[in-house]
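Down below is the structure, laid out as structure tokens.
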């Protein structure tokens, strides 16, 4: 029996990595168990994204009856901090600490910001809606408090994710860094899928008290996940601290950014990232209200749409990793992702004519698949275009442009929806903005081709 057990263990050790995406990211210095524990911060980020873009988007528009334009602007507020992601990553690279820590202080501050935003958010949203006990409250109090809560969560999410990815890159051997970053984003999508399913189950029967429990529970979970991720992860290096205090001054952010943007096709690459992300982002604020108002889907059913998007993105990310590891052009991969988005949004629009939830869900998953191909392609291209000493800055630049464009798309999607609703019926107002996403993706298709050849 002992012999059979040894044979089974050896067999699993040999075959297992074939079925574990990014298993090659682990090393002797960074085993898979430690790497997965570090990736817990991505789970908290994915949970926040589901709440902001998915669950609260639907709840604010349908249940709380907040105008879609206000909802779009509120959801886009966290992305005001997106342009600072490159600066945050640069500051954590050059941070001077008596303990020699560079990443931990920034991740902890980001965690506190995220926790504080979630703590006050449910009460701010109820005041914003003006329902029940908040019926007599001044409107500006609800708008201001909701805006502050969204801003706090946004600042925390961007800080935690940017510096967390930099910490993961620090801990991994250089040859494994791309796979480690890929694993981090896979864990982000896993966190989104699990969170979307749980939120959908908990909000099956919606009422204000349950909304408060869910959002404040997310605040507690954020603190727990990030503390687990940080615990004994970054070593205290007093020698490095002394060297930074006594050594030559670090280059300024302007100098470092100038060096990065002078790289081959760097500016063109950032434009491609922005246009493609804008195309996919235009639909984010519309998916769940579309399902609720056009197809009469429940809160739980529309919340699970976020899991469908994340699932499609996860498949796209895994497929892109497999193809790119064989030497395929990353910008060509990004171009194919934009092309996949064209029929995806057409299918979503056509589902209203058929009044078919399965068609709608299929189109949503297809859009997520295209977004996964596009994101992985642009991320890989960004990392390959960066100098060896600026991989962290390159990751920050990629995240800054992508998040800023996503926020612009979310805000424009809500504004377009309300503008079309003035002249059209409720069904057509929910359908027409998807054509805007299709047009933006079509413009982006020409960009990656020129970037790849330029």
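Keep in mind that glycine also has a Cβ here, set from the backbone N, Cα and C atoms.
Looking up the ranges 246-266, 330-350 in Swiss-Prot, the one annotated as transmembrane segment turns out to be 330-350.
Given the ranges 14-34, 35-55, the record in Swiss-Prot names 35-55 as transmembrane segment. As a quick check, the transmembrane segment (140-160) and the transmembrane segment (110-130) clear the bar of 3 or more Cβ pairs under 8 A, pairs 6 or more apart, so the two touch.
Among 70-90, 110-130, 299-319, 299-319 has the largest number of CB pairs under 8 A with the transmembrane segment (180-200).
Touching of the transmembrane segment (70-90) and the transmembrane segment (391-411) is concluded from the presence of at least three CB pairs under 8 A, sequence neighbours closer than 6 excluded. Take the transmembrane segment (211-231) and the stretches 110-130, 270-290, 299-319, 330-350, 391-411: counting Cβ pairs under 8 Å, 110-130 has the most.
Looking at which of 110-130, 299-319, 330-350, 391-411 has the most CB pairs under 8 Å to the transmembrane segment (270-290), the answer is the stretch 391-411.
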